[in-house]
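Annotated features in Swiss-Prot:
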SITE      R59  site 'Interaction with substrate rRNA'
SITE      D61  site 'Stabilizes Arg-59'
SITE      R100  site 'Interaction with substrate rRNA'
SITE      K103  site 'Interaction with substrate rRNA'
SITE      N107  site 'Interaction with substrate rRNA'
BINDING   G174, G179, L196, G197, E198, E199, S200, L201  S-adenosyl-L-methionine binding site
Amino acid sequence: MILVLAESALELVPKEIWNHPAVLADARRRGKRPGEILLDRARHHPAMRLLADAKRRGRPDIVHQVLLAFQYSLLAKRGLGKAYIHTRDDYVIAVSPEARVPKNYNNFVALIEQLFALGKVPPKGEPLMELYRKDLATLLQELGGVWAVFHESGARKPLSQMGSELLKSVVVVGGFPHGDFQNKWVVEKAAVVYSLGEESLDAAQVICKAVTAAEVAAGLL
């Protein structure tokens, strides 16, 4: 399975709120410049009121939860899974199956901030994460141009019947907290659109279920 977490709410603090007291206080506490820290609704909520599309931004915790679920799975440990994080600003993070994401959230934030600063982590040796500019369409085309997506509008199907398909697919899941894909074509052009029910689920919940189905199909469970 190749996971693409699309339009993720992961970005550095944008310039227009660098001078907001909430941002300055957080940056000062951490010994960094405002433009070097991740935008985080839990810390920067007062400042984010000034941002466009604020409801879909500032949620690095979504990426953290998804990577914890995916990177520590049997699928990834057996080399049968690879994750890509696409951000709303068209950055892509390629995550090695060998990367063990910090379980502590603050350590994860520090790691991603280092990644934005250096382009790869660790800075020396074989990178476990790499960051580069790339839009979602280009990424999906490079991954074969065929993908499945989880979306409320999709066909409901038992997980037991999805597993073998998910195991060999590029699987797209939204990495944003509210709303729908801004790139509508992600759903419209998908080879398969899956639904896990009428109720919207957190991205990490979707990933857990999809990974489990693929692991069963691969004989890992």
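Glycine is treated like the rest: Cβ placed from N, Cα and C.
Take the Cα of E199 (S-adenosyl-L-methionine binding site) and measure to each of the recorded sites D61, K103, N107: the nearest one is D61.
Within the same chain, no residue at least 6 positions away from N107 (site 'Interaction with substrate rRNA') has a Cβ under 8 Å from its Cβ. Annotation note: D61 (site 'Stabilizes Arg-59') sits in a helical segment as assigned by DSSP.
Each of the binding-site residues L196, L201 was scored by the number of other CB atoms within 10 Å of its CB, and the largest score is that of L196. Every protein chain considered, the tally of other Cβ atoms within 10 Å of the Cβ of E199 (S-adenosyl-L-methionine binding site) stands at 6. For G174 (S-adenosyl-L-methionine binding site), other Cβ atoms within 10 Å of its Cβ number 25. Using Cα positions, the member of the recorded sites D61, R100, K103 nearest to E198 (S-adenosyl-L-methionine binding site) is identified as D61.
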